[in-house]
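Going by TrEMBL, these are the annotated features:
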- 160, 190, 212, 263: S-adenosyl-L-methionine binding site (BINDING)
Ligand SMILES: C[S@@+](CC[C@H](N)C(=O)[O-])C[C@H]1O[C@@H](n2cnc3c(N)ncnc32)[C@H](O)[C@@H]1O
């Protein structure tokens, strides 16, 4: 599909008004480029732990939007955008308001990333996108099928893989480690696509409870449970923030989990560490990742301060997994 990209030069003060005006006109896929650093909340939502140095913010912003080349009345939309822009001038400094245009190559916003997600294995687990056909030679493999939709969690990210390896070890066991409980109850904080809950259940977990800030993850997780033939009753998933939502903490429960897994971000795991020991049974494990290597010591200190004993630290690329025990 061919798209035409239009870019409005405006001010950082007007960029939100500008995108809201465009959305009111039914335009989706709006892009904002400015030199304002992301907030901590935006960083957490976007799973970004470190940011490039930006040039100084001079108050200039470029707001771009895309219109399908065929099938839309470009002229009419542009007239509406120009009228909307002039209306905004009465409320806020919109700057030059100059609109430039360029052609883009074929774009399929929702599905393009799928080209980069194909089957792969972690130890003996085959992770396969739901849309890929299962090869004859893979029919007997330990299979997890995933469509993350708009949630995080194809399994390709180093942090997810670090957690999967720990689930393999602490649920199934391996040569150096034999778990006492082969059917643990698992809490998956930041469940995303549900991939870690599904791996845990497929490895033998008796039940999983998951949480995420993002309501869309509930849909992806539910659908992925179904695709993997897991009974819906094996998993309960809640939207919310375990760090400070006492109602959620109560729903999730106290001293009921053999394993808590949380693949989020160092800046989220640090404030979350104090509420983890209360969720774990004595002897239970906290498996966490999403930690960029230069924040390893900070996260380790927070986990130890919360009263857990760090038993393992693993690395993959620039990412870290910390596993800790409640003694
Ligand atoms: C890196 S993704 C992990 C997804 C999946 N568990 C995996 O390992 O691939 C992190 C998820 O944590 C969620 N998240 C961020 N902060 C959170 C918080 N305070 N509580 C629960 N979930 C959170 C995000 O919405 C996102 O879905």
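Keep in mind that glycine also has a Cβ here, set from the backbone N, Cα and C atoms.
This view paints the features noted in TrEMBL onto the structure.
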| residue | record | DSSP class |
| --- | --- | --- |
| 160 | S-adenosyl-L-methionine binding site | helix |
| 190 | S-adenosyl-L-methionine binding site | coil |
| 212 | S-adenosyl-L-methionine binding site | strand |
| 263 | S-adenosyl-L-methionine binding site | strand |
Set of same-chain residues at least 6 away whose C-beta sits under 8 angstroms from residue 263 (S-adenosyl-L-methionine binding site):
159, 160, 162, 163, 190, 192, 196, 288, 289, 290
Residue 160 (S-adenosyl-L-methionine binding site) has how many other Cβ neighbours within 10 Å of its own Cβ?
25
Count the other Cβ atoms sitting within 10 Å of the Cβ of residue 212 (S-adenosyl-L-methionine binding site), across every protein chain shown.
26
Max Cα-Cα distance in Å among 160, 190, 212, 263, the residues listed as binding S-adenosyl-L-methionine?
15
Using the Cβ centroid of 160, 190, 212, 263 as the reference point for the S-adenosyl-L-methionine site, which residues of the same chain not in that list have Cβ within 8 Å?
152, 153, 159, 163, 188, 189, 191, 192, 195, 196, 261, 262, 264, 290
Please work out the number of neighbouring Cβ atoms within 10 Å of the Cβ of residue 190 (S-adenosyl-L-methionine binding site), leaving out its own Cβ.
26
